[in-house]
Amino acid sequence: MPGRSSTNSGSTRYISFSGVESALSSLKTFQSCISSGMDTVSSVALDLVETQTEVSSEYSMDKAMVEFAKMDRELNHYVKAVQSTINHVKEERPEKVPDLKLLVEKKFLALQDKNSDADFKENEKFVQFKQQLRELKKQYGIHADRENDGIEGMDEDMIVTQSQTNFICPITQLEMKKPVKNKMCGHTYEEEAIVRMIESKHKRKKKACCPKIGCSHTDMRMSDLIPDEALRRAIESHNKKKKRHSE
């Protein structure tokens with residue numbers, strides 16, 4: 001990734017990193033754009049499953065998500081390389097200002113050389129995308145060995161009856177409208193109910209336990225919760241079909 005820096009000589013006590021830090025701020029803004037792009041790809045992918053729409057491999061949402069994950073990794077590496085270089089120069093205080101651009105590029109390439117597919121397992125949005133896509137396909141009866149055959153083998157009656165108990169919030173005992181999943185244990189709850197429960201516990205300086213009977217997760221935090229888009233769509237699909245049958 002290209003970068004620019006001044007190579008003027010002089011004592012580090014006169015070096016101003018304000019320009020570099022401003023550029024870093026801009027890069028972090030771009031990170032939010034990548035995050036939004038991943039959200040869009042995830043939403044489109046779930047739409048395709050829900051509407052039973054086939055697309056060519058050229059427009060695969062999986063491929064698009066991988067590209068976004070690669071961009072996110074590359075940008076994170078570059079930001080890390082710049083921050084590491086700045087910290088190093090501040091600590092070492094060399095008599096002459098080194099070639100900052102060269103130092104950043106060396107650190108960046110060193111990080112890039114360690115790239116592997118396993119990195120994607122650390123990308124929360126990528127992992128969430130794969131999990132939600134898998135869950136929605138499961139709700140629609142699409143198995144992994146049938147993914148390339150579009151919606152072949154889909155059984156709509158199975159969609160209606162499958163895992164309806166998963167639609168019930170363990171706190172309210174009502175069907176969920178805005179389900180969120182606990183990243184730590186995998187259980188789901190109605191967002192408003194679980195947020196209220198966690199806040200209530202924390203205000204009393206107590207730990208919030210997962211309300212699902214038998215769950216061993218005893219220290220829930222707000223950061224553990226993520227929207228369960230796949231389950232929300234499955235619930236809506238079930239309710240639409242139930243409404244059609246009653247008309």
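Glycine residues also receive a Cβ, built from the backbone N, Cα and C atoms like all the rest.
Here Swiss-Prot flags M1 as N-acetylmethionine, drawing on similarity to another entry.
Cβ contacts within 10 Å of K90 (SUMO2 cross-link), excluding its own Cβ and spanning all protein chains shown: 11. K90 (SUMO2 cross-link) carries a helical DSSP state (H, G or I). Swiss-Prot lists K90 (among others) with the feature SUMO2 cross-link.
The SUMO2 cross-link annotation in Swiss-Prot covers K107 (among others) and rests on similarity to another entry. In three-state terms derived from DSSP, K107 (SUMO2 cross-link) belongs to a helical segment.
Using a 10 Å Cβ-Cβ cutoff, S116 (phosphoserine) registers 7 neighbours. Under the heading phosphoserine, Swiss-Prot lists S116.
Marked as SUMO2 cross-link by Swiss-Prot on the basis of similarity to another entry: K125 (among others). A sphere of 10 angstroms centred on the C-beta of K125 (SUMO2 cross-link) encloses 19 other C-beta atoms. The secondary structure of K125 (SUMO2 cross-link), as reduced to three states from DSSP, is helical.
Residues or ranges marked as SUMO2 cross-link by Swiss-Prot on the basis of similarity to another entry: K130 (among others). All protein chains shown were included, and the count of other CB atoms within 10 Å of the CB of K130 (SUMO2 cross-link) stands at 16.
For the zinc finger (154-240), residue counts in helix, strand and coil come to 38 helix, 14 strand, 35 coil, using DSSP. According to Swiss-Prot, the feature zinc finger maps to 154-240, an assignment based on sequence analysis.
The Cβ of C215 (Zn(2+) binding site) lies under 8 Å from the Cβ of C185, H187, C209, each of which sits 6+ residues away along the same chain. Under the heading Zn(2+) binding site, Swiss-Prot lists C185, H187, C210, C215, citing sequence analysis as support.
The shortest Cα-Cα distance from S116 (phosphoserine) to any of the recorded positions (K90, K130, C210) is found for K130. Between the binding-site residues C185, C210, C210 has the most other Cβ atoms inside 10 Å of its own Cβ, all protein chains included. For the recorded Zn(2+) site, residues C185, H187, C210, C215 set the reference point as the centre of their Cβ atoms, and the other residues of that chain within 8 Å of it by Cβ are N182, M184, G186, P211, K212, S216, H217.
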